[in-house]
Amino acid sequence: MERRRSFPDVLAGGIFVLIGGAFVVGALGYELGTPTRMGPGAFPLLVGVAVVALGLAIAGKGLIAGEVISFGPIPWRAVAVIVLAVLFFGFTIRRLGFVPTTAVTALLTTLASARVRLLTAVAVAAGLTVASTLIFVVGLQLRIPLWGPWLGL
Amino acid sequence: MELLDNLALGFSTALLVQNVLYCFVGVLLGTAVGVLPGIGPTATVAMLLPITFSFEPVTALIMLAGIYYGAQYGGSTTAILINLPGESSAAVTALDGHEMARQGRAGPALAAAAIGSFVAGTVATVALAAAAPPLASVALKFGPADYFSLVLFGLLVSIALARGTALKALAMIALGVLLGTVGQDIYTGTPRFVFEQRELYGGIDFVSVAVGLFGVAEILRNLENEQTRTAIVSKVTNLWPTREDRRRIVAPILRGTGLGAALGVLPGGGHVLASFTSYAVEKRISKRPQEFGRGAIEGVAGPESANNAAAQTSFIPLLTLGLPAHPVMALMIGAFIVHGITPGPNVINDEPALFWGLIASMWIGNVLLLLLNLPLIGLWVRMLRIPYQVLFPMIILFAAIGTYSLNFNAYDVYAIAFFGILGYVLIKCGCEPAPLLLGFVLGPLLEENLRRALIISRGDPSVFVTRPISAALLVLAVVALVAAVLPSIRRRRAVVFAEE
């Protein structure tokens with residue numbers, strides 16, 4: 001049989017083994033109990049082992065007769081900027097307040113596109129900030145302060 | 001007749017002003033996200049879910065359901081006009097629908113889709129109303145062991161219907177179940193996998209998972225190769241189908257409705273399967289199979305009816321068994337729970353107004369879609385011109401705000417980023433995200449019923465095979481698994497999905 005090595009298969013398998021394995025290790029730290037009274041660790045252990053086994057099977061199959069998938073390019077800039085924007089939002093929403101957090105998050109996100117011009121980005125971010133303030137705070141009465149304690153207001 | 005009384009109750013609920021209004025908002029939004037490529041109903045429902053928490057439960061569910069079936073509808077519009085299916089189930093509509101549009105017959109194609117969808121929606125609503133009560137009364141007899149087997153069956157059937165290899169779908173389900181164990185253990189209160197972070201005690205919020213997998217990951221995929229979407233939109237003139245068209249679509253609509261209503265009940269994407277099956281059936285029994293792919297109106301009417309009927313009947317397992325057939329329904333389970341209602345066989349007796357109101361609203365929603373879509377075609381087409389550079393920051397921002405407003409918990413927002421990246425990488429590796437979300441939502445049910453069944457049987461695992469309902473479901477689950485893995489059937493499955 002022709003050997004078709006598939007990088008995506010091996011990567012996917014690896015991810016399953018890694019996450020499943022982490023849960024297995026974690027689950028062993030909790031009480032496993034008996035079949036009648038299963039402890040908190042028993043079910044995660046069972047499922048974790050299953051995930052590891054499936055991951056190994058996928059990776060193993062990927063080495064011999066993998067699925068033909070083109071992995072394609074990775075938009076590194078978009079990945080980095082969007083993750084940063086989302087983390088920024090979570091971290092500062094309470095501290096900076098709704099308006100500044102939304103504005104910065106929107107501006108960052110807009111810059112994820114490699115083709116955007118700075119002026120367009122600022123305009124889109126400003127528009128989105130106004131729109132979301134109107135929709136979420138004015139319209140839907142979301143209880144998030146507009147300006148947060150970090151601004152000393 | 002009891003059915004008529006029930007439907008009367010349903011319509012008296014669904015016709016309340018605020019319910020009609022939010023039904024309208026739901027189908028309007030649904031159509032919009034169905035039209036717009038790059039955002040689907042799952043991400044939309046996930047983002048809007050927090051907003052609906054302040055609504056009456058029935059109003060919230062009516063709107064969320066409207067988004068779901070409205071999106072199926074909107075997806076076909078873009079499939080016909082610009083050969084860009086907004087939803088996976090509309091992919092098959094693009095084959096003949098877009099061909100018709102290129103021949104200057106976009107109007108009849110859109111009309112056939114709309115009329116087919118409406119007929120299918122009407123029939124399926126009645127089917128839903130008729131099938132739900134008996135099924136719910138059977139489900140009431142279920143013990144924990146039966147429920148465990150039922151959930152397992154539902155998860156395994158969804159593999160058979162998923163795209164990609166069965167092995168990967170299975171792994172995604174298991175991973176979802178595993179991630180669902182984060183948080184406090186229901187029986188002992190032990191916090192699991194929380195890294196001493198109090199914010200994680202409640203578990204990972206499923207909205208974060210859904211927004212990450214279906215919102216962020218999808219955006220990253222779209223940003224891989226940015227192209228300016230030059231939508232060459234066919235002009236829509238003369239909507240009304242000719243007499244010949246009308247004669248040709250009657251039978252396909254009826255067959256599609258039947259197929260869709262039956263297949264929609266299956267967990268995990270029955271509506272995609274329904275539209276492909278309907279297309280295959282119409283092509284096979286047609287006297288003019290050579291016309292298929294070259295603008296056969298049967299190839300639009302049949303699949304569109306099937307798809308819409310399936311969208312409707314896929315609520316049957318949700319409303320009677322508490323089993324979601326689609327990621328959107330997994331999110332709706334959350335909406336039920338937030339309002340203190342456990343989705344499952346009890347809903348029909350405990351909350352009859354909600355149950356029947358939701359069903360009746362689907363028919364009203366179908367009327368609204370019919371009235372809304374044909375005259376507003378121009379508006380939807382113009383929406384396609386919104387540049388993606390405006391659209392995707394809006395999605396990310398609204399996702400972050402919506403998720404934060406769930407519990408005012410920053411960890412829910414961080415989780416979006418985590419699941420966005422995880423989902424993105426896994427999708428690139430050929431793993432569909434839907435099974436993970438289904439596993440995540442159903443995982444806790446699986447664990448709870450497993451443990452409860454074993455407590456009742458004093459640790460004897462044979463309870464799962466000695467109870468007849470449970471045994472039957474497990475047999476079916478095994479059959480589904482074998483069917484998904486067997487090469488011959490896998491090849492047929494590949495054929496069904498190959499045309500996407």
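Placement of Cβ uses the backbone N, Cα and C atoms for every residue, glycine included.
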Transmembrane segment per TrEMBL, picked from B:169-188, B:249-268, is residues B:169-188
Among B:74-94, B:200-220, TrEMBL lists transmembrane segment at B:200-220
One stretch in B:169-188, B:315-341, B:386-407 has more Cβ pairs under 8 Å to the transmembrane segment (B:413-443) than the rest, namely B:169-188
- Task: Answer yes if the transmembrane segment (B:353-374) and the transmembrane segment (B:45-69) have at least three CB pairs under 8 Å among residue pairs 6 or more apart in sequence, and no otherwise.
- Result: yes
| Do the transmembrane segment (B:45-69) and the transmembrane segment (B:386-407) share at least 3 Cβ pairs under 8 Å, sequence separation 6 or more? | yes
Checking B:109-132, B:144-162, B:200-220, B:315-341 against the transmembrane segment (B:464-486) for Cβ pairs under 8 Å, the most are found for B:144-162
Given the transmembrane segment (B:315-341), its same-chain partners at Cβ distance under 8 Å and 6+ residues beyond its ends are 41-42, 45-46, 49, 52-53, 57, 60-61, 64-65, 67-68, 128, 131-132, 135-136, 139, 150-151, 154, 206-207, 210, 214, 264-271, 347-348, 350-351, 354-355, 358-359, 362, 434, 437-438, 440-442, 445
Top stretch by Cβ pairs under 8 Å to the transmembrane segment (B:169-188) (candidates B:109-132, B:144-162, B:200-220, B:386-407) is B:200-220
Within the same chain, the residues 6 or more beyond the ends of the transmembrane segment (B:200-220) and with Cβ under 8 Å of it are 38-40, 42-43, 45-47, 49-50, 179-180, 182-184, 191, 193-194, 327, 330-331, 334, 392, 395-396, 399, 402-403, 406-407, 409, 411-413, 415-424, 427, 433, 436-437, 440-441
